[in-house]
Amino acid sequence: MDNIGAADAATSSGISGLLSGNSFLGAGIGLMGFGAGLAILRRGLISGASLVKRRMLVSVEIPSKEKSYNAFLHWMSTVPKRYSNQLAVESNRQLKMPQNAREKPDKQVANRIFSLVPGPGKHYIKYKKCWIQVERERSNRLQDLTTGTPWETITLTTLSRDRGIFSELLLEAQKFMQSAQKNKTTIYTAWATEWKPFGHPRSKRMLSSVVLESNVKKMITDDVHDFLRNSQWYDTRGIPYRRGYLLYGPPGSGKTSFLYALAGELDYDICVLNLAEKGLTDDRLNHLLSNVPPKAVVLLEDVDSAFQGRERSGEVGFHANVTFSGLLNALDGVTSSDERIIFMTTNHPEKLDPALVRPGRVDVKAYLGNATPEQVREMFTRFYGHSPEMADDLSDIVCPKNTSMASLQGLFVMNKSSPADAVDMAKELPDNPPSTPFSFNVHRKSLSV
């Protein structure tokens, strides 16, 4: 044992002598020790920061495909306590209309309303006594295939264990967006497999501005309101909670205009879908009709045109990718969704397959025809005020000509302040073929069941 101790002492004294005699070697070993210490400290700090982040920080990520993405950006632009180093500009073009009829058109001003939203980078906001870091990231490689815009995400991080702060924030952002779109109607169109807003929200149209036969307008409006009030009635009886409407009649009778005004009356948006659109398949159609935005009606315009060649060439030969059976399954098949209102329009009801318009797929059929004496008088009064004799004279001229309501409105627009000129010009309107309600009860051969 004494020999071993003596050997260790000799070795230690030798190393000490070597280090004291070689300053470079001593400095190198010192630097190695210092570097190792820094590496251990760095690893400890990273582990500690990661632990603190897991235990004390809460984060939520909002991808650009989410509807709350734009809502949050525009809400954040209104936050007073905000620190942003980088901003992005978004503009909205609005046309300032003349204040009175005497103002000349060249005085109309195209205004652009600019809003500064947070740009890519890190920003900080204070919300309900909590500081939140907002990081907006934009990918240089990934793109949204439906819009062609770069893929973006927003990450919210706060030093709080209360996850409810994010729910409250996003709910407030959603309410902010809804208040900004109050008294507006958003038009959606199909982009790939999802609905995207088409342009900016439009001002609601008053239902009274669409002149239809009073019984038709009241019948449809009352039926829709009754449907929306009785969801529980459908549930308790096991009936699918959906409603289908068919508006048919000659061109210019007000089918689309009425739906736009009805959506405003209901405070609903409109999803427009063209069945003849290139690339629209059965699966995509089914997905779109099963994922309609909340509080929105679906409009299938000119539904007859998508399948007008089907009877002649079969399901393989017509120009659209949607099959007739695919449409029927999307409307009321096993995978079709509930809580849905669908409006179809057509100028040629005789071309529709009976399987498409049977109850369950089309529950209400309404004929919107050419101008009737009642409609002529009502529209005349709206434009020129009360003048029964002149309104009757106009009615005697246009009704035998089977004039459409669109043509009648165009006549009034051309003669804004001269009802007498409108009556004289009405004599030059062309004669149109008569149009009458179609009898769907007549037995016709069905191509599908």
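Going from the start of the chain as shown, residues are counted 1 onward.
In case you wondered, yes, glycine gets a Cβ from its N, Cα and C as well.
If you check Swiss-Prot, you get these features:
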TOPO_DOM  1-20  topological domain 'Mitochondrial intermembrane'
TRANSMEM  21-41  transmembrane segment
TOPO_DOM  42-449  topological domain 'Mitochondrial matrix'
BINDING   Gly249, Pro250, Pro251, Gly252, Ser253, Gly254, Lys255, Thr256  ATP binding site
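The structure, with features from Swiss-Prot marked on it.
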residue : record           : Cβ neighbours (10 Å)
Gly249  : ATP binding site : 24
Pro250  : ATP binding site : 20
Pro251  : ATP binding site : 13
Gly252  : ATP binding site : 20
Ser253  : ATP binding site : 24
Gly254  : ATP binding site : 24
Lys255  : ATP binding site : 25
Thr256  : ATP binding site : 16
ATP site shell beyond Gly249, Pro250, Pro251, Gly252, Ser253, Gly254, Lys255, Thr256, criterion: Cβ within 8 Å of Cβ centroid:
Leu247, Thr345, Asn347, Leu368, Ser404, Met405, Ala406
Should Ser253 (ATP binding site) be counted as helix, strand, or coil on the basis of DSSP?
coil
